[in-house]
């Protein structure tokens, strides 16, 4: 097509009725009903994260993890010799890491979460320099 063509993308839908006049989309799918064809969307779910990098481009309630805003809850009422958990945040908040052995605890995010599926991986690596029996706990982050 060209500027004088009444169907620039040659999809059989005239430009004035085409919800994405420069990209062929015969079915004119517009799932979020914003008037722009799905094949022309940069941010389908409207969460301000472009679809190219959005982990869930069709659901604005599911976002990338960001562990930078959390509070620690210590779970050891005996107050023994180990320190409370100390978390290190890596990869712009995408990873949370505890480098040193500590009392059990939770890292509780301050974001309101609803309608999401949690997914993650725990990596548990023994300390090769630890010569005494270890008493670590495995937990979860939410």
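Each residue, glycine too, has its Cβ placed from N, Cα and C.
The domain 'TSP C-terminal' annotation in TrEMBL covers 68-142.
The annotation repeat 'TSP type-3' is assigned in TrEMBL to 1-28. Beyond its flanks by at least six residues, the repeat 'TSP type-3' (1-28) meets 35-40 of its own chain at Cβ-Cβ distances under 8 Å.
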Query = Per-residue pLDDT averaged over the repeat 'TSP type-3' (1-28) comes to what?
reply = 86
